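Peer 1: Okay, here's the structure, questions in a sec.
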Amino acid sequence: MSMTPQKALQCIIEHREILQDEMVQLMRQIMNAEVSGIMVAAILAGLRVKKETVGEIAGAATVMREFSRKVNVQDRTHLVDIVGTGGDGWHTFNISTCAMFVAAAAGAKVAKHGNRSVSSKSGSADVLEALGASIELQPLEVAEVIGCIGVGFMFAPIHHPVMQVVSPVRREMGVRTIFNILGPLTNPADAPNILMGVFDPDLVGIQAHVLHKLGAERALVVCGRDGMDELSLGTTTLVGELRGGRVREYEVSPEDYGMAVSPISNLQVESPAESREMLLDVLAGQPGPALDVVALNAGAALYVAGVAQDIGHGVALAREVLFDGRARDILDRYVAFTRRPRYV
């Protein structure tokens, strides 16, 4: 039976799940601009109140992937995305962006998907620009830089132009919707391994199961007990691990990896410029909470990418490339590559 926007809204009002294949039909209609703004807003608000299910999220993500501009990475060995939903409200420096250079220096290939800031002080695109990189690389160029250097950034508006269809509605609504959790699920390089931070502990298991439905090989979905969408230094972190087709949940703490507990205030910034300075201090090997949190998250990325045997081994590899300058070298090479005349 075909799923119309009206039928979908009726399902939602009655607190019934929209089946995954029905969600695929619905999202295709939305992405093809066949659904009015009023109906889109009603469906998005209703899903938020009802709470989106694994099948609904997976169906919506499937369609967003269909409509994306793909990045074809030839050698997919140890290919990983380090990504977060954002929206945790903590305004920390760009931990995952820093971690991508560390993970690449230690042997992973990082295909990072991101955007400018909406609610934080500095989005991944903002800090990369502050570092001097060009963020507007086309899909072929992103594949090339990943192949040459081991790291690439996919600027969401370039790879998901169809999102312009729903942007006015989302902007006017001004609240979180399913689209806030779809972005990290729609990596244009189809990275088979994912380290994903989420802003809500309830999403840890949900997103891990969604990634399984979407065909991910390995994933770590993390949320600090303080609400941080990274592995946190301030408290324990809830982890949902997808491996071998199964999801298990557990907790880790900074002390597990020889790190001191540290308040999030030590990691907060007010602008992309401040985030840039903190990121450069970390890549210079300056000890402290910022370096620790980057090593922790890069270590998790190296584990999920299959480079490290476990998170602790990954942390050790991350510290090594931070202290010997290899991580900073990856950043410098990346910026230079993206600024070549044909990319500007």
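Including glycine, each Cβ sits where the backbone N, Cα and C put it.
Look at Swiss-Prot and you will find GLY84, ASN115 tagged as anthranilate 1 binding site, backed by sequence analysis. Swiss-Prot lists GLY84, 87-88, THR92, 94-97, 112-120, SER124 with the feature 5-phospho-alpha-D-ribose 1-diphosphate binding site, giving sequence analysis as the kind of evidence. The feature Mg(2+) 1 binding site is assigned by Swiss-Prot to SER96, GLU230, with sequence analysis given as support. Annotation source Swiss-Prot lists anthranilate 2 binding site at ARG170. Sequence annotations record features per position, and here Swiss-Prot assigns Mg(2+) 2 binding site to ASP229, GLU230 based on sequence analysis.
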Peer 1: Quick one: what's DSSP say for the residue listed as 'anthranilate 2 binding site', helix, strand or coil?
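Peer 2: It is helical.
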Peer 1: Expressed to the nearest Å, what is the distance separating ARG116 (5-phospho-alpha-D-ribose 1-diphosphate binding site) and GLU230 (Mg(2+) 1 binding site) at their Cα atoms?
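Peer 2: Their Cα atoms are separated by 18 Å.
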Peer 1: For the binding-site residues THR92, SER96, ASN115, work out the Cβ neighbour count at 10 Å and name the residue with the minimum.
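Peer 2: Ranked by other Cβ atoms within 10 Å, the binding-site residues THR92, SER96, ASN115 bottom out at ASN115.
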Peer 1: Would you mind pulling the DSSP three-state label for SER96 (5-phospho-alpha-D-ribose 1-diphosphate binding site)?
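Peer 2: The three-state answer is helix.
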Peer 1: Give me the Cα-Cα distance between ASN115 (anthranilate 1 binding site) and THR92 (5-phospho-alpha-D-ribose 1-diphosphate binding site), rounded to a whole Å.
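Peer 2: Per the Cα atoms, ASN115 (anthranilate 1 binding site) and THR92 (5-phospho-alpha-D-ribose 1-diphosphate binding site) stand 16 Å apart.
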Peer 1: Using Cα-Cα distances with a 10 Å cut-off, which of the binding-site residues GLY84, SER96, HIS113, ARG170 are near GLU230 (Mg(2+) 1 binding site)?
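Peer 2: Of GLY84, SER96, HIS113, ARG170, within range: GLY84, SER96.
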Peer 1: Just to be sure I understand the packing, how many Cβ atoms besides its own are within 10 Å of the Cβ of GLU230 (Mg(2+) 1 binding site)?
Peer 2: 27
Peer 1: How big is the Cα-to-Cα gap, in Å, between HIS113 (5-phospho-alpha-D-ribose 1-diphosphate binding site) and ASP229 (Mg(2+) 2 binding site)?
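Peer 2: ASP229 (Mg(2+) 2 binding site) has its Cα 15 Å from the Cα of HIS113 (5-phospho-alpha-D-ribose 1-diphosphate binding site).
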Peer 1: Please report the DSSP secondary structure of GLY84 (anthranilate 1 binding site), reduced to three states.
Peer 2: strand
Peer 1: Counting distance between Cα atoms, which of the binding-site residues GLY84, THR92, SER96, ASP229 is nearest ARG170 (anthranilate 2 binding site)?
Peer 2: GLY84
Peer 1: Provide the three-state secondary structure of HIS113 (5-phospho-alpha-D-ribose 1-diphosphate binding site) computed with DSSP.
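Peer 2: The residue in question, HIS113 (5-phospho-alpha-D-ribose 1-diphosphate binding site), is strand (DSSP, three-state).
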Peer 1: Rank aside, I only need the closest one: which of the binding-site residues GLY84, THR92, SER96 has its C-alpha nearest to that of ASP229 (Mg(2+) 2 binding site)?
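Peer 2: Closest by Cα distance to ASP229 (Mg(2+) 2 binding site) among the binding-site residues GLY84, THR92, SER96: GLY84.
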Peer 1: Given SER96 (5-phospho-alpha-D-ribose 1-diphosphate binding site) and GLY84 (anthranilate 1 binding site), what distance in Å do their CA atoms have, once rounded to a whole number?
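Peer 2: If we compare the Cα positions of SER96 (5-phospho-alpha-D-ribose 1-diphosphate binding site) and GLY84 (anthranilate 1 binding site), the gap is 8 Å.
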